[in-house]
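What follows is one structure encoded as structure tokens, with my remarks underneath.
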Amino acid sequence: MPGKLLWGDIMELEAPLEESESQRKERQKSDRRKSRHHSESEERTETRENGVTDDLDAPKPKKAKMREKLNGDTKEGLRFSDEFSPSHKSRRKDLPNGDVDEYEKRSKRVSSSENSHKSSDKAEETLTREQKEGAFSNFSISEETIKLLKGRGVTYLFPIQVKTFGPVYEGKDLIAQARTGTGKTFSFAIPLIERLQRNQETIKKSRSPKVLVLAPTRELANQVAKDFKDITRKLSVACFYGGTSYQSQINQIRNGIDILVGTPGRIKDHLQSGRLDLSKLRHVVLDEVDQMLDLGFAEQVEDIIHESYKTDSEDNPQTLLFSATCPQWVYKVAKKYMKSRYEQVDLVGKMTQKAATTVEHLAIQCHWSQRPAVIGDVLQVYSGSEGRAIIFCETKKNVTEMAMNPHIKQNAQCLHGDIAQSQREITLKGFREGSFKVLVATNVAARGLDIPEVDLVIQSSPPQDVESYIHRSGRTGRAGRTGICVCFYQPRERGQLRYVEQKAGITFKRVGVPSTMDLVKSKSMDAIRSLASVSYAAVDFFRPSAQRLIEEKGAVDALAAALAHISGASSFEPRSLITSDKGFVTMTLESPEEIQDVSCAWKELNRKLSSNAVSHVTRMCLLKGNMGVCFDVPTSESERLQAEWHDSDWILSVPAKLPEIEEYYDGNTSSNPRQRSGWSGGRSGRSGRSGGRSGGRSGRQSRQGSRSGSRQDGRRRSGNRNRSRSGGHKRNFD
């Protein structure tokens, strides 16, 4: 006999069942109680939701009531859903045709409904504060735009977008600064599109642009235009820059433009020819404003927009300035374009670190002659054969030479100003799609390239200004991902490195070149992954040969040799972990107690080793904490030193990675072990400060050279400081 709770519901589904008079009366009482309970429950629910009970509302259909009861959180609904347990379903098997299926369907609906409520509650609990603040429902964003944003993978607004949406949407002037990779383009694109679509007028042919976005590079202009196009289907977006056809741009002007993005040079050309009318501008955006208002672009920007601005007029276009780096001079120069009352959003502010917080900054000391080979090793260890990397060089010639570097095993392509625009676009498209893994570029790729999959950025030398370093390193670690930036330097460039640390608020981790073990591990992983692409049919052809190899060499040795050959690592040439020079091995000598300087280590070496062995020791420097030293010896001498070393409290070893050291400076940058710096001492092995004549002379020369370099560097810095900043000069290193 079914339970009483189900009786009233199954009456419509079942054939009439025989029942006694007492059972019939009991059933009628139960139905009346249930009906009264349901009506009271619905009244309470309506009162809670609406504040008052509306007696004029039409009664809800029975199916709707049932759905509300099943999906609600009332005890009645929960009890009802409990009735559809597996045991109850098994008891209904004898019902007429269709009844079991109907109950099972209801059971599944109830279960899935409860599960969806639980999962939504759980999802709401796991939302971060950033996601809650950036929820689309908090902003005036249309459903159409939200759909397009989700198509781009954007599910909520990032902090810079949250902070700037209101001021931009309300038409206020704004200066905004945020770190690279935090979504600055959408910060102005989303509210501007919503504002234009809200006030959209009748679409006319040949209409003048209402929004002008100026960017310093073609690549950035292209990226910004794409971001606009991705989130609007109603507005016309055009992108003008050099190296492309004038005629196609003229056709776009004739058809009408709502949002114009471009570089100053090409837009100025269209203005001077009279083809482009900017008299109807309502919004002006300068992206990467620190570069747009610098001497290289400031005059062109002024020529383009000056007619749209009148002194102290509230009718001037809304002005929006965005960048990751905003020196103080930017604010001073920008005031002539801003209304007297403007908003300022700064997500960097007085924080020490100006660069992206998702990037790890490494520095490798390396002579320029060794750099191409070491860069190949760095790519292998930190990026692998599948990762994507960007290498920045200072000149176009360096870019071409680096891309042809035989030590770079991955396919690499060039990007610089002398390459035709059509080829530049093909190159960038291929890099985005992963057709090749390494992009070698000048500063044209430092700003605006938004490719989250970039794992590694390599700067072949410290850049000429801090802003360039920040923007270059910001090509990785984007959209919440982490990345690595490796900066190569020579001893004479230590001052530039320290200046970048100070101004960017970062600390470089000094590391050595990738060790042999690092390379073996990385290459073996790539080789193992490559085996997965071999088909079983191909494997069958090689089974006899494999069997012979196993019999001759053994399974492990045979496979190890095969992996070494596949990875191209059949031999390794040791390098100094200190200077990256070939043919040297770095060794550490750890002291049982703290030492004052390297002279203590020299004394211990002279006491335990032959003079011939000691004469090969070079580039000695203190370990962090003064608990020992590290130094280089020729590869041929490393085993002899270890064999001679015994009966000492000091521990001599060969490290796999460069330990933390006090900064090393090789005064003459020579790799000859007999030419010592001031720290390394003379041939007798004593300290250069107090040692033999040769060591002392070399030490004095080293220190004098250092002081001379400091004086020259000081004069250069003084010259830079005396330079006028009114035009937006950046801190340069000559």
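Glycine residues also receive a Cβ, built from the backbone N, Cα and C atoms like all the rest.
Quick caveat, the model's predicted, so the values are computed rather than measured.
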Motif 'Q motif' according to Swiss-Prot, located in which of 134-162, 366-394, 511-539, 540-568: 134-162
Overall pLDDT for the domain 'Helicase C-terminal' (377-521), taken as the rounded mean: 89
Cβ contacts of Ser515 (phosphoserine) (under 8 Å, same chain, 6 or more positions away): Leu577, Ala656, Lys657
Counts of helix, strand and coil residues, the motif 'DEVD box' (287-290), according to DSSP: 2 helix, 1 strand, 1 coil
Three-state composition of the domain 'Helicase C-terminal' (377-521), taking helix and strand from DSSP: 58 helix, 28 strand, 59 coil
Local Cβ density at Thr244 (phosphothreonine) - other Cβ atoms counted within 10 Å: 15
